[in-house]
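Undergrad: Can you keep this structure in mind? I'll have questions shortly.
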Amino acid sequence: MSECLKDAMGRTIDYLRISVTDRCNLRCVYCMPEDPDRPPVFLPEEALLTAGEWLIFAKAAAMAGIRKIRLTGGEPLMRQDLAELVWGMASLPQMEQVVMTTNAVGLAQRIGALKNAGLAGVNVSLDSLERECYRRIAGRDRMAEALDGVRACLELGLPVKINCVPVRGLNDSQWIPLAELAVKWPVQVRFIEMMPIGEGKAFPPVENSRIRQLLERNFGPVTEVSPGKRQGPARVFRVPGFAGSIGFISAVSCGCCSSCNRIRATADGKIKLCLHHPVNGDARERIRTGKSPEELCGWLRALVRDKPKDGAFTDEKRPMWKIGG
Ligand code: SAM
Ligand code: SF4
C-alpha cells in the first residue's frame, strides 16, 4: 500500500499537519488572548492522543501516502514526549520529513534532542524583535527565549523559517527589522496574512502586497523564486544582499486550493480535510477501538476522497489553537 493518496479531484495528498496539543505558554492576541472573563478551555488530558496513539496514526498515514508531517498546536513544545513523537514518525520508512511549527520558547534546551530524533526543520513564530511589542502581541515577556531558540537551530544547521503575522497598529514598526533577519541569517522570513479564524476575525489583515511594497522601498526590487517541491502556498522572493529569503503566505486570497496537498489532525485526533471546513472524521475513536494501521489506512484513503474543492473561512468556528495552525 504505497501508492499516492489522492482525493476525488485528483490532488495528491502527501502532507499532514498534526496538532499535538491545544495547550500553549503564550497568549497571542489574534489566537488565544489573555482574557480573565473568557479563559481558554483546553481538552481534558485523556482526550489528547498519546505518543503511542499518534504513532499508530502516523504509520497508517504513511502507508496511505503521507510523506511529510508538521507538528504544531497549540504549542508542540508543551509536550514532554515530543522527541519520542518525532523519532517514531521520522523512522517510518515512507516518511521524507518531520518538521515543527513553534513559538520557540524553551526550544534552545530541547532542539538537540529533537534534531537527533530526526526533526528536519523548524518554523518559528516571531511577530516582533522589540521586547515590549512582542509582549503586547504574545501576552508574555519571552522574546529573548524565542530568539535563543532560533539561534540554537541555526547553530545545529537546521533549516529555519520565521513566521510573522502583521497586526496593524501593533507590529508595523517590526516588519523591516524582521525581514532584516534574513540579511545575515540563512532563514526565510515569512509574512502570513491574518486569517479570519477565531480571534483573528477582530484584526483586519494587512495585505501582503503592502508589505512587499514596503520591503522593495527599503531593499530594492525582489525576485520571485520558482516554487520548490514542498513550498506550499508561500510565494518566495530573493532580495539582493540577503543570505536568506522572504516569503508571503496569503491564505485569504491565495487561490491555491487547486494544488492543496494537505490534511490536518487536531489534538484529539479529529481529521480535517481543509482548514476552512469542519471536522471530517475521528481517528482517535478508531485507534481506541483497536483498529490496525492497515484498517486506519483504508479508512483515511476513503475519507480523503471527500476533501472539499476549496474553502472560504466561513464554516470553521473554532480558534486557530484548537485547529492547529
Ligand atoms: N504555537 C505555535 C506557533 O505559534 O508557532 C504553533 C501553533 S500556531 C496556531 C501556528 C501559526 O499560526 C503561528 O505562526 C501563528 O502566528 C499563526 N496564527 C494563529 N492565528 C492566526 C490567524 N488568525 N491568522 C493567521 N495566522 C495565525
Ligand atoms: Fe500559542 Fe502559537 Fe497561538 Fe501564539 S499563535 S497563542 S504561540 S498557539
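Backbone N, Cα and C atoms are what each Cβ position is placed from, and that goes for glycine too.
The feature domain 'Radical SAM core' is assigned by TrEMBL to 8-233. Annotation comment: TrEMBL describes Arg17, Arg70, Thr101, Lys161, Arg262, Ile263, Arg264 as GTP binding site. The [4Fe-4S] cluster 1 binding site annotation in TrEMBL covers Cys24, Cys28, Cys31. The S-adenosyl-L-methionine binding site annotation in TrEMBL covers Tyr30, Gly74, Ser125, Met195. The [4Fe-4S] cluster 2 binding site feature in TrEMBL is assigned to Cys257, Cys260, Cys274.
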Undergrad: Restricting to the chain of Lys161 (GTP binding site) and a gap of 6 or more, list residues whose Cβ falls under 8 Å of its Cβ, or answer none.
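TA: Non-local contacts for Lys161 (GTP binding site): Gly121, Val122, Asn123, Val124, Val187, Gln188, Val189, Arg190, Gly247.
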Undergrad: So if I measure Cβ to Cβ from Arg262 (GTP binding site) and keep only same-chain residues at least 6 apart in sequence, which ones fall under 8 Å?
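TA: In sequence order, Ile13, Tyr15, Leu16, Arg17, Gly232 meet the Cβ cut-off.
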Undergrad: Please compare the binding-site residues Met195, Cys257, Ile263 by how many other CB atoms fall within 10 Å of each one's CB, and tell me which has the fewest.
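TA: So among Met195, Cys257, Ile263, the binding-site residues given, the one with the fewest Cβ atoms within 10 Å is Cys257.
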Undergrad: Given the binding-site residues Arg70, Gly74, Thr101, Ser125, find the one whose Cα is closest in space to the Cα of Cys31 ([4Fe-4S] cluster 1 binding site).
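TA: Closest candidate to Cys31 ([4Fe-4S] cluster 1 binding site), judged by Cα separation, is Gly74.
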Undergrad: Nearest by CA distance to Tyr30 (S-adenosyl-L-methionine binding site): which of the binding-site residues is it, out of Cys24, Arg70, Cys257, Arg264?
TA: Cys24
Undergrad: Relative to the mean position of the Cβ atoms of Cys257, Cys260, Cys274, the recorded [4Fe-4S] cluster 2 site, which additional same-chain residues have Cβ within 8 Å?
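TA: Leaving out the recorded residues gives Arg11, Cys256, Arg262, Leu275, His276, Lys307, Pro308, Lys309, Asp310, Gly311.
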Undergrad: Which of the three DSSP states, helix, strand or coil, fits Cys257 ([4Fe-4S] cluster 2 binding site)?
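TA: Going by the DSSP assignment, Cys257 ([4Fe-4S] cluster 2 binding site) falls within a helical segment, counted as helix.
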Undergrad: In whole Å, how far does the CA atom of Thr101 (GTP binding site) lie from that of Cys257 ([4Fe-4S] cluster 2 binding site)?
TA: 22
Undergrad: With H, G and I counted as helix, E and B as strand and the rest as coil, say where DSSP puts Cys31 ([4Fe-4S] cluster 1 binding site).
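TA: DSSP call for Cys31 ([4Fe-4S] cluster 1 binding site): coil, neither helix nor strand.
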Undergrad: With an 8 Å cut-off on Cβ-Cβ distance and a minimum sequence separation of at least 6, pull the same-chain contacts of Gly74 (S-adenosyl-L-methionine binding site), or say none.
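TA: Long-range Cβ contacts: Ser19, Val20, Thr21, Asp22, Arg23, Cys24, Ala267, Trp321, Gly324.
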Undergrad: Please identify, among the binding-site residues Cys257, Arg264, Cys274, the one with the smallest Cα-Cα distance to Ser125 (S-adenosyl-L-methionine binding site).
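TA: The smallest Cα gap between Ser125 (S-adenosyl-L-methionine binding site) and any of the binding-site residues is with Arg264.
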Undergrad: What is the average pLDDT across the domain 'Radical SAM core' (8-233)?
TA: 96
Undergrad: Taking Ile263 (GTP binding site) as the reference, which of Cys28, Met195, Cys257, Cys274 (the binding-site residues) have a CA within 10 A of its CA?
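TA: Checking each Cα against Ile263 (GTP binding site), the hits are Cys274.
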